[in-house]
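In what follows, a structure is listed as structure tokens, so that the remarks can point back to it.
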Amino acid sequence: MAAPVAPSEPQASRAPQPPVCLLVLGMAGSGKTTFVQRLTGHLHNKGCPPYVINLDPAVHEVPFPANIDIRDTVKYKEVMKQYGLGPNGGIVTSLNLFATRFDQVMKFIEKAQNTFRYVLIDTPGQIEVFTWSASGTIITEALASSFPTVVIYVMDTSRSTNPVTFMSNMLYACSILYKTKLPFIVVMNKTDIIDHSFAVEWMQDFEAFQDALNQETTYVSNLTRSMSLVLDEFYSSLRVVGVSAVVGTGFDELCTQVTSAAEEYEREYRPEYERLKKSLANAQSNQQKEQLERLRKDMGSVALDPEAGKGNASPVLDPSDLILTRGTLDEEDEEADSDTDDIDHRVTEESREEPAFQNFMEESMAHWKRNK
């Protein structure tokens, strides 16, 4: 009889993967909102709908279903009226006010992390409003400290056919990469108007970009040539994807690049964030220890022994004792300071009255005898 086959060991249950946060940035008019709309629809069709957050307080209509909308919390026009601000100042202030409650947004994302694989964040149209503001830094670091975070820089391909404009986009991309220090994907949008192959060639082939620049003879072209010598090493290795938010092409390749960027985050960026978090915690702990030690030294320099003042002539009283005995002490001090405390005032007055009375009687008798 054959021996029974031992049941295979159950596979270890895999821990749920945290969602990947996609931070969509780009200059005004590059098609960020349309890109988020198309990417949301693409992920819905793939059976993994994303968790969408809108951070643009000035947009009139959002063409995608937003789970969290900044307009529900902050009224953009009311902020402009109350603080007397212009459009950009209103956006910055609205974003600052929203950033003060971003811990609640993080709680919502944590609750939904087992349901959603992607978190899409659509940022304001003005790129500098989010990238170079304190609120943008707070939001980016809050996301990156808890979830795999990837920056998607949406670039208008049709406006980058000029080498100078292309270099301006690359300068923006490198500045965001330097500021966020997160995995980075350059999304060349509007490929339905013009193919993005020329831009990819300029990014990866320095000589091809120099040949295109040689056709320009302006001062700006010379500046662009100098900048390309410095920045070529940075943007030549960036991930590049060409998409069309209108037609919907290129999003499968984008999802592949997002997966690769999330793996890079877990491999390189998360250990760095953990190290920074640990060093910050150690610095705070050391600061607290120094404050406690300083407080202990300050307390040690003060005499806390109640027996230490026994030998002094004037005893030390509590504030309550001083309040209750103030009148008594003042009277005692006045009596102690008097120079006539050793004289009996009653005896002195009687001794003065007797000779005065005798003098008065003698004068009266003498006056009576004269008149007689």
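Including glycine, each Cβ sits where the backbone N, Cα and C put it.
So that you can see what the record holds, here are the features copied from Swiss-Prot:
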MOD_RES   ALA2  N-acetylalanine
BINDING   GLY29, SER30, GLY31, LYS32, THR33, THR34, ASN189, LYS190, THR191, ASP192  GTP binding site
SITE      ASN88  site 'Stabilizes the phosphate intermediate'
MOD_RES   SER301  phosphoserine
REGION    303-372  region 'Disordered'
MOD_RES   SER314  phosphoserine
MOD_RES   THR328  phosphothreonine
COMPBIAS  330-342  compositional bias 'Acidic residues'
MOD_RES   SER338  phosphoserine
MOD_RES   THR340  phosphothreonine
COMPBIAS  343-355  compositional bias 'Basic and acidic residues'
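For the recorded site, ASN189 (GTP binding site), the DSSP three-state label reads strand. Rounded to the nearest whole angstrom, the C-alpha distance between THR33 (GTP binding site) and ASN88 (site 'Stabilizes the phosphate intermediate') is 18. A straight line from the CA of THR191 (GTP binding site) to the CA of ASN88 (site 'Stabilizes the phosphate intermediate') spans 30 Å. The two recorded residues GLY29 (GTP binding site) and ASN88 (site 'Stabilizes the phosphate intermediate') have their Cα atoms spaced 16 Å from each other.
Non-local neighbourhood of GLY31 (GTP binding site): VAL154, ASP156, ASN189, LYS190, ALA245, each in the same chain, at least six residues away, with C-beta under 8 Å from its C-beta. Annotation for the recorded positions THR33, ASN88: lowest Cβ count within 10 Å of the residue's own Cβ, ASN88.
Taking every protein chain shown into account, ASN189, THR191 are the binding-site residues, and of these the Cβ with the most other Cβ atoms within 10 Å belongs to ASN189. ASN88 (site 'Stabilizes the phosphate intermediate') falls within a helical segment according to DSSP.
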